[in-house]
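Straight from TrEMBL, the features:
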- 91-100: compositional bias 'Basic and acidic residues' (COMPBIAS)
- 455-465: compositional bias 'Basic and acidic residues' (COMPBIAS)
- 143-195: domain 'Trichome birefringence-like N-terminal' (DOMAIN)
- 196-492: domain 'Trichome birefringence-like C-terminal' (DOMAIN)
- 91-136: region 'Disordered' (REGION)
- 442-473: region 'Disordered' (REGION)
- 46-68: transmembrane segment (TRANSMEM)
Amino acid sequence: MFHSQILCKSLLRSLFLLVEISFLRIRETMTLSPPRISRSVYPRKVPSIAFAIGGLTSFIIFASLLLFSHPLGSSLTGYLYGTETTRHLEFHHSSSRDTSDPNPSPDSTTNSPPLLTQHRQESTEALPTNHVSVEKEDSVQTECDLFRGNWFYDPKGPLYTNNSCPLLTQMQNCQGNGRPDKDYENWRWKPSQCDLPRFDAKKFLELMRGKTLAFIGDSVARNQMESMMCLLWQVETPVNRGNRKMQRWYFRSSSVMIARMWSSWLVHQFNEPFSFAPQGVTKLKLDQPDERIMEALPKFDVVVLSSGHWFAKQSVYILKDEIVGGQLWWPDKTKPAKVSNVEAFGISVETILKAVAKHPSYKGLTILRTWSPDHYEGGAWNTGGSCTGKEEPLPPGKLVKNGFTEVMYEQQAKGFQRAVEDDKVGNRSKKMKLMDITEAFGYRHDGHPGPYRSPDPKKITKRGPDGQPPPQDCLHWCMPGPVDTWNEMVLEIIRRDMEGGGSRP
């Protein structure tokens, strides 16, 4: 194409030169001194004019054929106007909207195709961050932040239903348990500077061909694993290859395995007596990873880690073979604990991440999903907390602060940061990703089962005469529902890692 453009430009220059000569010859003919009426004048001039016009016509036809077969686009325009321009394609996103609108229009989101504009730029100044400039096929795009954006209503709805996925814990089957509203299923996440595509099960299976993805953590990790399985189940029915130690589902078409391991704290735990901590109380060695994870790790290619909520339960914290604290257990009230449950959580995150990164037989991708916010209002899960009647996300900017969520998230982020900055981790830190969902999902108080935790037709779903709410779940997520967005993010993180590309426009 480059050589064709040079040839075309040369032909154009010749064309313009020929036009100029032809017009000069015609002008000379027409501007001679007052003609003398003589029959010998026209025989000499007409052939000359005819030759010039004929040559010009032939050249124009030839050049036109060449230009149609090898269009020059902006290069031709640049030559004609004496300027050389660079061709840019920009995808203009309409993510910058009035954040006071609690119900963003789907027209300003991924429902509408991006507006494609073509223009000329005579400089290489940086474009605004919400424009993705495409100059060359091998240009490297800057990754956009997947975790800052807004929720928008998508009338297309979810990719599966509670009836089309057989692997769904009954407590998260909100529609099957009688929840009367279902708009909570239709809200999708839109990053501010790019799009987060709907989950593509075929794309996921192709990217992960021959590989294993493992979800490791507590019941919220199970919630995410079941969401992934429901999304994949729509294109292929997997084979159950699990056992008591680990759930495993195998997809024959691509040899992909989805696994789940239970690990409440991600670190070593035991119940035997230790120092002044008696039998029966769970002890956690905060500086030792869960040995079951370390044993299984070489079988995995991608690991999604999540934990935290069990640090609200009774446990004893041990660091360097010394009891340093405890949650809901501390026999000597006169002596303060050295480590709180919040600090213990941060230490556990650092411990597991460093252990995974330094494992000699694991070279895969490690994704740490941040703290999943609960939405108990008016109390805790066991003291009258409620999320009843929430039917849509909080409006932008109206996030209700939760002190415990904030400190747990902060300690988790610090633990992650300490791990990636450890000199002994080295380049392995590039394979450690923080999936920062906490703030975005703080807006989704509508996405929990609430009182719709079972199919029992006699269950209580409304407050009693004394105003007390019924027992409910405001921690786990309905399926389908907001939790499916986590797996859209997982797919995009895997795509960026394996394809080496930046954000999608």
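Any Cβ shown, glycine's included, is placed from N, Cα and C.
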Key: Confidence summary (mean pLDDT) of the domain 'Trichome birefringence-like C-terminal' (196-492)   = 96
Message = Within the region 'Disordered' (442-473), count helix residues (DSSP H, G, I), strand residues (E, B) and coil residues, in that order.
response = 1 helix, 2 strand, 29 coil
Message = Summarise the domain 'Trichome birefringence-like N-terminal' (143-195) as counts of helix, strand and coil residues per DSSP.
response = 7 helix, 10 strand, 36 coil
